[in-house]
């Protein structure tokens, strides 16, 4: 469905991507996790045809993005990190223009628009100007817009960045719902809980390279199930344990203050790269 | 539905929202020029056998069509740098040529509306010139040249400041030196040579010749058509290059 082979991107002396090989399965919800500047957005920009790769190839649903750009662009919907709606236009007008850009007949656009606005719970806002919508509404509208031409792949670049916890949960539920309808989702995030909650497989991206790729459970399993964060006067040290009992025994023996918690993807990322994601 | 139509329609939606403000803005400068240079100063002047107002009006139309067609560059710039709309278009299955065509037609529409405002203002001053097919042809050609050029340059600039600089370096000098306010053939030969390199000089002369029923120069039409084609191709190339 999404296939990347040796993808490299260099600009202004910076190696943003250093050879990415990846295969995302049809219908999968795949997360690309890494800190800011790791190359997540660059990968999506290349796949979406917004920038060219320096080397390597990529296919979307079998269409080479370099040699068949127009066919490749029909395969995906894109929700970029920053808002890119026409603020001066209404919700309906934004969707209509998107439908026309994808060469959909007017009647098809009207029908799908009604369905999608209901889907993202914006039916009552159809005549509202985009500038009058809240951040969460704008994000949901961008998702609806990306789905209007019924793509088989959905690129979500940091879909919940800047949103409060409640709205973030609503966006996650929406993403799950979209995946259940058979859409392959490629998601970039630097929110650990987002990747854990949503993704079937996660790739850790660090300094333009994939350093690990597996299910969240397997990525975390190497460390154990439980963690104790031990706070000393000038340091924080985390210890990992296979069971809660082991962790509790350790915690009981320490004189320093501590936190007992489950192991998360941040721990796995930190163990592999020596750096935190967020 | 072709991709260029979506690009064009988007600009029309925006234009519709701002139309009342824009019509007012398009009327102010020409009105001031007509009052100051035409009505007040130019009443006693005669140029090439016509009153100065008759001479000035086609020049103002040529100038307005140039500035308003070129203004589409600022709109693209805002959509590109502020709203990131360009990315929405770039990620859609729309060719670079379709994008350029849609935006060029949007620039051309603005130019025709601005020109119509001046024609109406002229009528208020009692000036009804011959708005024949030759006049409209040169108006369309001139608008097309500057709209396509604006699309091309909007892809080259890297900020709003660059865009403003382009207006200062290209549009403002051409507006004042391109035969809008005075007959170019009254200048020294070397100055004429330089000014005949400007597309606006040809547009203003051809528009004036058509509107005042003077002898038409096929060369001006040919030159504008060629420049339009070159600008369009240049714009397609710069849009392709905009994907860094």
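Every residue, even glycine, has its Cβ placed from backbone N, Cα and C.
Residues or ranges marked as transmembrane segment by TrEMBL: B:21-40 (among others). Long-range Cβ contacts of the transmembrane segment (B:21-40) within its own chain (Cβ-Cβ under 8 Å, at least 6 residues beyond either end) map to 15, 52-53, 56-57, 60, 64, 68, 110, 113-114, 117-118, 121-122, 125, 181.
The feature domain 'ABC transmembrane type-2' is assigned by TrEMBL to B:21-242.
Feature annotation from TrEMBL assigns transmembrane segment to B:52-72 (among others). Only residues 6 or more beyond the boundaries of the transmembrane segment (B:52-72), in the same chain, are considered here, and those with a CB under 8 A from a CB of the stretch are 11, 26, 29-30, 33-34, 37-39, 41-43, 45-46, 103-104, 106-108, 110-115, 117-119, 122, 125, 127, 129, 135, 138-139, 142-147, 149-151, 154, 167, 170-171, 174-175, 178-181, 183, 200, 203-204, 207-208, 210-212.
What TrEMBL lists as transmembrane segment is B:111-129 (among others).
The transmembrane segment annotation in TrEMBL covers B:135-157 (among others). Under 8 Å from some Cβ of the transmembrane segment (B:135-157) lie the Cβ atoms of residues 58, 61-62, 65-66, 68-74, 76-77, 80, 99-100, 103-108, 111-112, 115, 129, 163, 166, 199-200, 203, 206-207, 210-211, 220-221, 224-225, 227-228, 231-232, 234-235, 237-239, 241-242, all in the same chain and six or more residues away from its ends.
Annotated transmembrane segment per TrEMBL: B:164-184 (among others), in sequence order.
For the transmembrane segment (B:219-239), same-chain residues at least 6 beyond its ends with a Cβ under 8 Å from one of its own Cβ atoms are 96-97, 99-101, 104, 137-138, 141-142, 144-145, 148-149, 151-153, 155-156, 199, 202-203, 205-206. What TrEMBL records for B:219-239 (among others) is transmembrane segment.
Panel annotation: around the transmembrane segment (B:111-129), residues 22-23, 26-27, 30-31, 34, 38-39, 53-54, 57-58, 60-61, 64-69, 135, 139-140, 142-143, 146-147, 211-212 of the same chain, lying at least six beyond its termini, place a Cβ under 8 Å from a Cβ of the stretch.
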